[in-house]
């Protein structure tokens, strides 16, 4: 049932209210919407927000999850907890030149706790926490919107009253089901935004808790103001946007607690009016509270600056092309166009994409570009709202519009490129907090329409339809975030000009072994962005594996020419040159890769293979030893050392290396096999047999394992067992070199023994 009654939830309100809002009109009076008790309203919001994103609970790790979680050493127990405070979100040292400078230690700590309780990288637990966080935030929104839309009022017993139950429920539902939130909820790295929002809201509610009513008049609690500052700091340690809550608390204080008329205040400041105190600036401790907020914010930012260092993060042109434009005009026009796109995503969140960079949004370079209309529309709406927020004679309207614009704009400022360059063009995740302002403005607009409409129920049904459409869109979008294949392919129709989309589709196909299809997408990525070195590198790798060496060399050479410090491309170029038997060039490429990435175990491994091909055995062993020092679990490097020492007759040294390797990687069957071969040649048959059998148990379908165990039994004199394993080996691989000859020798020997016995 849809009701129009004024505050039907609480007909017997206690008489003593906050004086500041006694005579203000109630927004719910004009809102045609469902009226529910507070407890049930929160239950409905929680349930609907859960239904929107529930199908993402068993999704995979996708997109940035790999770098932030799977490849992040800060999640592992061997990394000291203290290191989290000196590393960025991706696990790199903040002092490093390559650091992203995104400082979110509390978010990383929650990932680490997830990893600890799950006993490994199992995504279900990570996703469940994200869904719970969004449900919790949506429930808190009921209280937040009741304050923002209905005002801050208390009973004589100090209990906060909800004077806008219908409006706050509608706004909270709009927030809970907004499809633009899918990236934050269904993408695990979106937890940074969720945790930031949680403490952001707690900081706001804590600030509201500072104000009570007693018989002497207005009082406030310094304790709760300080709690609000601390919660704001915690929000910032989850994500950088969290610091903006301190500014919003100050705006709320001025507008709601002190009921300052901004236009009147500006006039008095301009004309140096001495009656500023009467305007509310010095009343009720406003200046003192704002000073506390400013000092707290400045202290938090200073500590953050000291930890991060003075250098800004280094982004490339493909991340944010507008910020690299030479013309100030081009930069300004494109930044404003990006703002209009963010506004459109809030208004019509149908076209969603995991990444909006790399040509997805071509630069506007002249005023003749038709997209200028979007900028004009944005500023026309904003200026209209700002004029109403400043100039309206209705104080209630001024307050709601100013708070709506404040919550829309202020949390977005860190992503606006105004203060520093950001590493993206448009990012849906950064709209999570600004959507609060959108929900306020939408709900207020709905109340105005309801006031004018004759058939209020039709309007309510239309809004209900919007909510249902958004719920459906959330569920569909959540399903796309369940796997990388669905996520990347969903972006092809939204951003067909985005080279990164084609690159990610190609990479996903290559990981699944579909090289032919991967080549097609990698080529398209390079066509769209001729300087896309990562696409060139991956395409070169596939062509190398398909023995198309000359084209692979061209691509990799171009990649290192465009980005001379691209260590992976240098190493892959060395592999191709080695295959082309241009050994000197290959060696030079390997050393260039190591120059740009000193801790590069895979490059040392490939360098060792080059030296082995050149019979430079000492150099090969040194290179492989470097690989194992940098990466103790580098099985291939250990194996090659054992095999090279075995082949050169250094059995004792080969045995020592093999035992060392197995201590570090005790379950590696290839190492067991290599060491078993060495022990067999050293006539340590019993120990060799045990290792062969253990390797076969781990990998029973390896023909060489059975074949070499048969050779061991042959030497040892266990001819029946030798015959058995020769036969198993030949069954698994009938063309195995040497096995058939050894088997025939054994059969002749067995026949001779039978003749002698006969």
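Every residue, even glycine, has its Cβ placed from backbone N, Cα and C.
No curator has checked TrEMBL annotations; they are predicted automatically.
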With TrEMBL as the source, identify the stretch among 110-130, 131-151, 152-172, 320-340 annotated transmembrane segment.
131-151
What range among 62-82, 83-103, 188-208 does TrEMBL record as transmembrane segment?
188-208
From 2-20, 344-362, 458-476, the residue range that TrEMBL assigns the feature transmembrane segment:
458-476
Residue list, the transmembrane segment (243-266) vs rest of chain: Cβ under 8 Å, 6 or more residues beyond ends.
20-21, 147, 151-152, 200, 203-204, 207-208, 211, 228-229, 231-233, 235-236, 276, 279-281, 283-284, 286, 289-290, 293-294, 296-297, 300-301, 389-391, 395, 398-399, 402-403, 406-407, 410-411, 413-414, 433
Tally Cβ pairs under 8 Å between the transmembrane segment (458-476) and each listed stretch (131-151, 188-208, 286-305, 403-424, 430-449), then give the stretch with the top tally.
430-449
Secondary structure tally of the repeat 'TPR' (499-532) (DSSP, helix then strand then coil):
27 helix, 0 strand, 7 coil
Top stretch among 33-54, 220-237, 403-424 for CB pairs under 8 A with the transmembrane segment (188-208)?
220-237
Across the repeat 'TPR' (533-566), what are the DSSP residue counts per state (helix, strand, coil)?
27 helix, 0 strand, 7 coil
Given a Cβ distance threshold of under 8 angstroms, which distant residues of the chain, six or more beyond its ends, lie next to the transmembrane segment (403-424)?
100, 148, 200, 240-241, 243-245, 247-248, 251-252, 255-256, 312-313, 315, 319-320, 322-323, 331, 335, 338-339, 342, 356-357, 382, 385-386, 389, 430-431, 433-434, 436-438, 440-441, 444
Can you find at least 3 Cβ pairs under 8 Å between the transmembrane segment (430-449) and the transmembrane segment (131-151), where each pair is 6 or more residues apart in sequence?
yes
Same chain, outside the transmembrane segment (286-305) by at least 6, Cβ under 8 Å from its Cβ: which residues?
103, 210, 220, 222, 225-226, 228-229, 232-233, 236, 243, 246-247, 249-250, 253-254, 257-258, 280
For the transmembrane segment (131-151), could you work out the same-chain residues 6 or more beyond its ends whose Cβ comes under 8 Å from its Cβ atoms?
18, 20-21, 24, 26-28, 38, 41-42, 45-46, 49-50, 53-54, 56-57, 160, 162-165, 167-169, 171-172, 175-176, 181, 184-185, 191, 194-195, 197-198, 201-202, 204-205, 208, 256, 399-400, 403-404, 407, 436, 439-440, 443-444
